[in-house]
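To start, the structure under review is shown below, and the notes come after it.
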Amino acid sequence: MTTLGTPLSPSATKVMLLGSGELGKEVLIALQRLGVETIAVDRYDNAPGQQVAHHARTIAMSDPDQLKALIEAEKPHLVVPEIEAIATPMLETLEAAGTVRVIPTARAARLTMDREGIRRLAAESLGLPTSPYKFCDSLDELQAAIDGGIGYPCVVKPVMSSSGKGQSKIDGPEGVKAAWDYAMAGGRVSHGRVIVEGFIDFDYEITLLTVRAMGASGQVETQFCAPIGHVQVSGDYVESWQPQPMHPAALETAQRIAQAVTADLGGMGLFGVELFVKGEQVWFSEVSPRPHDTGMVTMATQWQNEFELHARAILGLPVDTTLRSPGASAVIYGGVDAQGVVFDGVDQALSVPQTEVRLFGKPESFVKRRMGVALAYADDVDTARTRAKEAASRVRPRAVG
């Protein structure tokens with residue numbers, strides 16, 4: 001039986017989120033609805049999640065000393081990493097000492113903090129199907145990897161980045177240096193290491209939200225949400241929809257792959273497993289041990305959205321992954337580089353039938369920064385996609401003055 005306390009009292013159940021962007025914000029809201037005392041941590045002040053949490057803290061989360069000091073001072077019951085750029089070795093140390101429980105585990109946080117750890121786990125340890133790949137530390141190594149078998153076209157990504165930053169496709173020799181430079185500029189940390197992957201001519205790509213939660217038997221059980229289809233531009237999610245139609249054999253394979261990788265990572269919580277699909281063939285791409293940006297569509301489609309599923313799972317509560325309605329999401333970009341933007345056209349966006357708008361509250365806008373998302377419901381996915389994109393297009397961020 002799970003016992004939950006009262007926030008801001010000695011009995012409080014305290015959860016600390018490391019990373020407080022738009023995904024963390026929704027997790028915090030879900031936790032608060034269950035009476036959890038929340039601590040939102042980010043590298044800058046007034047991050048979206050900090051605006052709704054009981055406590056807001058700003059530190060360099062990649063600094064192990066700052067991270068250790070904060071966790072020891074706040075004494076949370078759970079620490080929930082929501083981004084990759086965290087001093088994960090310190091989390092492993094604190095978890096091993098019994099200081100705190102890391103979600104899903106400190107090992108999972110370390111392995112998934114960069115593309116190398118998780119790719120080697122999936123392909124080399126678990127034997128899961130992936131694209132051909134090489135890791136490279138220099139432009140010369142990148143060229144040698146391409147010439148040595150990866151070939152063209154191929155995709156280059158920093159080993160550590162988020163939301164597709166630094167990712168590009170190379171169609172021929174003339175694009176190699178530009179791809180390397182772009183990867184160096186887009187990485188989360190300044191070490192020059194990339195993964196280059198052979199290009200898979202897939203039909204579509206999906207996110208399979210996979211939940212490890214306590215079952216009725218008292219044991220951890222794995223459940224799957226309906227597959228989410230999505231469109232990415234330069235590795236950054238632009239729109240998503242649920243459900244994505246799949247051949248039954250492909251769905252079975254996708255679930256088997258997701259089960260294998262999440263079981264190895266262990267712990268409890270929601271995982272976003274990214275997969276490429278061609279006919280009945282499925283390839284593993286990446287996994288995040290936390291809610292996924294493409295999964296924001298579940299705020300329109302599921303009885304329990306991905307954030308509620310994550311909150312319930314990490315607290316040891318039962319979950320329900322049932323689909324409620326077909327739906328879609330479409331990103332609202334900043335469009336301008338400015339502080340404290342205003343949003344025109346929200347009324348026009350909400351006049352599109354069966355739509356909702358979520359504005360994240362980010363204090364600073366960039367042209368390609370995700371500032372909000374439009375959600376739409378419908379009887380079918382195609383109609384929902386049309387509605388979501390139309391609603392998103394009507395929201396117009398602008399600089400003040």
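Backbone N, Cα and C define each Cβ position, glycine as well.
Annotated N(1)-(5-phospho-beta-D-ribosyl)glycinamide binding site per Swiss-Prot: GLU22, LEU23, GLU82, ASP293, LYS362, ARG369, ARG370, in sequence order. Annotation comment: Swiss-Prot describes ARG115, LYS157, SER162, SER163, GLY164, LYS165, GLY166, GLN167, GLU197, GLY198, PHE199, ILE200, GLU205 as ATP binding site, evidence class sequence analysis. The Mg(2+) binding site annotation in Swiss-Prot covers GLU274, GLU286. Under the heading domain 'ATP-grasp', Swiss-Prot lists 120-315, citing sequence analysis as support.
Locations of recorded Swiss-Prot features on the structure.
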residue : record                                                  : DSSP class
LEU23   : N(1)-(5-phospho-beta-D-ribosyl)glycinamide binding site : helix
GLY166  : ATP binding site                                        : coil
PHE199  : ATP binding site                                        : coil
GLU205  : ATP binding site                                        : strand
GLU274  : Mg(2+) binding site                                     : strand
GLU286  : Mg(2+) binding site                                     : strand
ASP293  : N(1)-(5-phospho-beta-D-ribosyl)glycinamide binding site : helix
LYS362  : N(1)-(5-phospho-beta-D-ribosyl)glycinamide binding site : coil
ARG369  : N(1)-(5-phospho-beta-D-ribosyl)glycinamide binding site : coil
Tell me the Cβ contacts of LYS362 (N(1)-(5-phospho-beta-D-ribosyl)glycinamide binding site) under 8 Å, same chain only and six or more apart in sequence, or just say none. GLY21, GLU22, ALA47, PRO48, ARG369, MET371
According to DSSP, GLU82 (N(1)-(5-phospho-beta-D-ribosyl)glycinamide binding site) sits in coil
The correct three-state DSSP answer for ARG115 (ATP binding site) is helix
Determine, using Cα-Cα distances only, which of these binding-site residues is closest to ASP293 (N(1)-(5-phospho-beta-D-ribosyl)glycinamide binding site): GLY166, GLU197, PHE199, GLU286. GLU286
Within 10 Å of GLU205 (ATP binding site), Cα to Cα, which of the binding-site residues LEU23, GLU82, GLU274, GLU286, ARG370 are there? GLU274
Among GLU82, GLU197, GLU286, ASP293, all listed as binding-site residues, which has the most CB atoms within 10 Å of its CB? GLU82
How many other Cβ atoms are found within 10 Å of the Cβ atom of ARG115 (ATP binding site), counting all protein chains shown? 22
Of the binding-site residues LEU23, ARG115, GLU197, ARG370, which one has its Cα closest to the Cα of GLU286 (Mg(2+) binding site)? ARG115
Counting across all protein chains, other CB atoms within 10 angstroms of the CB of PHE199 (ATP binding site) number 16
